[in-house]
Amino acid sequence: MSTPSVHCLKPSPLHLPSGIPGSPGRQRRHTLPANEFRCLTPEDAAGVFEIEREAFISVSGNCPLNLDEVQHFLTLCPELSLGWFVEGRLVAFIIGSLWDEERLTQESLALHRPRGHSAHLHALAVHRSFRQQGKGSVLLWRYLHHVGAQPAVRRAVLMCEDALVPFYQRFGFHPAGPCAIVVGSLTFTEMHCSLRGHAALRRNSDR
């Protein structure tokens, strides 16, 4: 897939709905921007995996993606990723791929289907030093804004543990029932978000 213009995604003004922390402040004047949002590249894979491993293994004992899978998705579909960098340091990320079926399956964990219309969010993680600051919320809102602007993408899908269902509902996701994917003893709820509905939510937040 040709992606000549997505590797340097620039921050854009974004109105957040009530209850979600505000977007980062203005960039300070020095060499590295105080806050930068951009699509990730394979060169970012090691930093991504370091954050992911600490965030997920400490909670569930499993990583959604191993290092090879991170590199795989950042090579095939970098436009479906988004990283938040503070003074050049990666502090939070989302990695996704396209999926072409109504529901997630075991295959969806490792595949990118270029003709799909669903952005499958594989992982969202925040560096431990930057948690409890609302960064996950800001990044997810920006990500949905970003992928929703891509003509091929009609919805976002993910799987999460039951405790996280209310968090994702704040962004327009709705439970689609138990996910067919099981990881060890862990079970998940599958969540769907129409990006057309998300655009309407953005418009309402501007009022």
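Including glycine, each Cβ sits where the backbone N, Cα and C put it.
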Per Swiss-Prot, the range holding region 'YWHAZ-binding', considering 28-35, 68-75, 132-139: 28-35
Candidate with the highest Cβ count within 10 Å, taken from the binding-site residues Gln133, Ser137, Gln169: Ser137
Reduced DSSP assignment, Lys135 (acetyl-CoA binding site): helix
Rounded Cα separation (Å) that holds between Gln169 (acetyl-CoA binding site) and Leu124 (substrate binding site): 15
